[in-house]
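Copied over from TrEMBL:
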COMPBIAS  1-11  compositional bias 'Polar residues'
REGION    1-27  region 'Disordered'
DOMAIN    36-485  domain 'Major facilitator superfamily (MFS) profile'
TRANSMEM  37-62  transmembrane segment
TRANSMEM  109-129  transmembrane segment
TRANSMEM  136-158  transmembrane segment
TRANSMEM  199-224  transmembrane segment
TRANSMEM  231-249  transmembrane segment
TRANSMEM  335-356  transmembrane segment
TRANSMEM  424-450  transmembrane segment
TRANSMEM  462-480  transmembrane segment
REGION    489-527  region 'Disordered'
Amino acid sequence: MATDTVVNSNAKELEARQQPQDNPAPRGCLGSRHCMTLLLFLGMANAYVMRTNMSVAIVAMVNHTALPTNHPDAVDLEDCNGVGNMQGPKKHDSDSDGEFVWNTYTQSYILSSFFYGYVLTQIPFGVLAKRYGAKYFLGIGMLINSVFGLLVPVAAYAGVGPLIVVRFIQGLGEGPIVPCTHALLAKWVPPNERSRMGAFVYAGAQFGTVVSMPLSGLLAAYGFAGGWPSIFYVFGVVGTIWSLVFLFYGHEDPESHPTIDPVERKYILTSLWGSAGVSSPPIPWVSILKSLPFWAILVAHIGQNYGYETLMTELPTFMKQVLHFDIKQNGTASALPYLAMWIFSMLLSVVTDWMISTRLSHTAARRIVNSIGQYGPAIALVIASYTGCNPVLTVGILTLGMGMNGGIYSGFKVNHLDISPRFAGILMSFTNCTANLAGLLAPVTAGYIIHGRPTQAAWREVFFISAGVYIFCATFYLIFSSGQRQPWDDPNNDAPRPLDPEANANGHAKKLNGVDNNGAAIEETQH
């Protein structure tokens, strides 16, 4: 009982330290931390452009007329070529077909190959970013991703194997984006701004998808170099430019920023008590793996990635096979759910920070918005499975469901920063790697289910599986999550380092107590 009392007391003290202190933010609308989050927002947008443009491009690349449909369920009474389609009977336009005869198995492997490379670099770069800094791993990784994006058309014409290799390398380059972004947010964003600025950065994923899908559709229809190749040339150049800008103008932390306002530096460093830059002890792997709040984030992340990857990689194919949208309609309609998710994530982030500012605990606020973010799309997927051949209603329901999915950015997505600001990048690399391994199953599972029978009945199975995963994982998070900084992340509990050159001959230790008016660290000697 005594131990429980001490743990609870420590947790409450850590929670109190997360609440806004008497340390007012610097005056003015924009500061260096806002510029940094804008760069990270654009980086996240570029990252998701690179992973989603293939989903639209592959619709234009494949010769759908030549695909086999020899499954006994290939002809379905619910097929939207018949009565009930609001657009009326539609005949497949063979002139819009591409050059490649890739069946759904092959397409699923091409779409998933990116993620095999992506998951391999998550944990290594999370650990390296903690040790050496996140800026260069992020910038150089995205540069590799962008340059290899320019090679996708050449690889496609060379064969399926070279295309899979190029997409795999793109995934390797994009691996650092999430753990390194999380590590930088932990150094730049004060706790009372975490929901807004964290959601803003991660909403770049939706912004990138919203831009990528309709623009990819237009480029596939009207672009240069034969249409679909222009998708990879345009976005590859844009990604390369962002990478160079970030490498030159991004900064690791407020302390290394040469022109930051000293008042803003003081505000950030004092708000981030004990966070990255103050101390860097060994990673407490055992404590992390025994932490239920960490497992709650991990499970929620798995559920999110499975459901999200199902829609992100397969929605354009669903629009083509079931609702029979042409390539231009396909890109626009596929982007609408992500536009809604972007808008909702911004609104819910403001609401979340407001709830926390009214003294609702971080734990309660995270659970509420995360429940909206994961139960919402689960319900929408179930309903969309029974909307028949009404494209307006189907797209509307999926748009609403994905809109509510924006709650996850103020839910589990920033929860790593709550429970462990010093190890947030490490935690994110671990959960994002595991979640993306689960996400790998999404396009492969969909490919096997709909192979040879691209019908509503088959797609209903795909949607039901995703909804079930969403519900289970959201419930686990609702029960076991926490918004409190965990005792294993408390710098006061760090083991002493007697060989630390900062310690004097009498065993005195130096501890960061704050910053002066110029933003420099003030140290006090403790006995």
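The backbone N, Cα and C atoms fix where each Cβ goes, and this holds for glycine too.
Because TrEMBL annotations are produced automatically, they should be read as predictions rather than curated entries.
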* For the transmembrane segment (199-224), which partner among 37-62, 136-158, 462-480 gives the most CB pairs under 8 Å? -> 37-62
* Asked: Among 136-158, 335-356, 424-450, 462-480, which stretch has the most Cβ pairs under 8 Å to the transmembrane segment (109-129)?
  -> 424-450
* Where else in the chain does the transmembrane segment (231-249) make close Cβ contacts, counting only residues six or more beyond its ends and a cut-off under 8 Å? -> 39, 42-43, 46, 49-50, 53, 56-57, 135-136, 138-140, 142-143, 145-147, 149-150, 152-153, 212, 215-216, 219-220, 223-225
* Structure fact -> Beyond a gap of at least 6 residues from its ends, the CB atoms lying under 8 Å from the transmembrane segment (136-158) belong to 43, 46-47, 50, 53-54, 61, 100, 121, 125, 128-129, 165-167, 169-170, 172-177, 180-181, 184, 225, 228-229, 232-233, 235-240, 242-244, 246-247, 250
* Asked: Looking only at the domain 'Major facilitator superfamily (MFS) profile' (36-485), what is the mean pLDDT?
  -> 82
